[in-house]
Amino acid sequence: MLLEFTKMHGLGNDFVVLDLISQRAYLDTTTIQRMADRHFGIGFDQLLIVEPPDYPNVDFKYRIFNADGSEVEQCGNGVRCFARFVHERQLTKKTKIKVQTKAGIVEPELGPNGWVRVNMGYPKFMPHEIPFVTEEFEALYTLELANEQSLKIDVVNMGNPHAVTIVPDVLTADVATMGPQVESHVRFPQRVNAGFMQIVDEKHIRLRVFERGVGETLACGTGACAAAVSGMRRGLLANEVEVELAGGKLQIAWQEGDVVWMTGPTANVYEGRLDLRYFQS
């Protein structure tokens, strides 16, 4: 069985996008893992699936699978690519759409030259909303790591869980060691995305993210939102900031009590057809 797909990326955070409105397929965990293999498959950070919505006032259903085959609630870079994909594939003529995710409704809006602005919804901070295990709510939490190390973290849910820590320099931060420990820490029962943020000034941060189920990626849209919101609510950042990631830059805006806005680019890489029998054999 041949499936048409599109390879896209948002700041190097790369995706395979499948239209499962015009075509049909069943993809189990093993199949997705094989597709994600960068040597024997296509290779991607996440698989994005376009499906019909479950509700009449929504345009599309958006499903996201990590490279390890796990389904997740949200992907910020992915939703920008999703919006461009459905418009260019003529699945909709709208430039502003409502998209159903496991975390709720997001509203991307197409701009010029492949840029997309997205209403990412309201950030959540309560421990049970992350979820994060703690005896009481605090502004910052101490997370114990191996070898008697610890990190001061903030926790934010942007449709998916994030732990944010401030570092002096993202280039020298030991993301490879600390990232996996934070991601799978026992206090995060659903695992977590680990963000390492350097504050350059009140309108500019640098960020590295070790993503749950993927590892460190070149960019993470929800991670950029979580880091910016964390700094803003602590009075360390202005209400609009530029987030510099390895793959490029995002603009994040937020006012206390309001939704988070993310603006950034998208790119089409190539289109192709995959033989599903190869990945399921």
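First residue shown is number 1, and so on along the chain.
Every residue gets a Cβ built from N, Cα and C, even glycine.
The annotation active site, proton donor is assigned in Swiss-Prot to Cys75. Its Cβ taken as reference, Cys75 (active site, proton donor) is surrounded by 28 other Cβ atoms within 10 Å in the chains shown.
The active site, proton acceptor annotation in Swiss-Prot covers Cys220 and rests on sequence analysis. Residue environment of Cys220 (active site, proton acceptor) contains 33 other Cβ atoms, counted within 10 Å of its Cβ in all protein chains.
What Swiss-Prot lists as substrate binding site is Asn13, Gln46, Asn66, Gly76, Asn77, Asn160, Asn193, Glu211, Arg212, Gly221, Thr222. The Cβ of Asn193 (substrate binding site) lies under 8 Å from the Cβ of Asn160, Pro161, His162, Ala163, Glu183, Val209, Phe210, Glu211, Arg212, Cys220, Thr222, Gly223, Ala226, each of which sits 6+ residues away along the same chain.
Per Swiss-Prot, site 'Important for dimerization' is recorded for Tyr270. Tyr270 (site 'Important for dimerization') falls within a strand when secondary structure is assigned with DSSP.
Highlighted in sequence order, Asp45, Ile64, Val72, Gln74, Cys75, Gly78, Val209, Val214, Thr217, Cys220, Gly223 have their Cβ within 8 Å of the centre of the Cβ atoms of Asn13, Gln46, Asn66, Gly76, Asn77, Asn160, Asn193, Glu211, Arg212, Gly221, Thr222, the residues recorded for substrate, and are not part of that set.
Here Asn66 (substrate binding site) comes close to Asp45, Gln46, Val72, Glu211, Arg212, Gly213, Val214: these same-chain residues lie at least six apart in sequence, with C-beta atoms under 8 angstroms from its C-beta. Neighbour count (other Cβ atoms within 10 Å of the Cβ, all protein chains): 31 for Thr222 (substrate binding site). Rounded to a whole value, the Cα-Cα separation of Cys75 (active site, proton donor) and Tyr270 (site 'Important for dimerization') is 21 Å.
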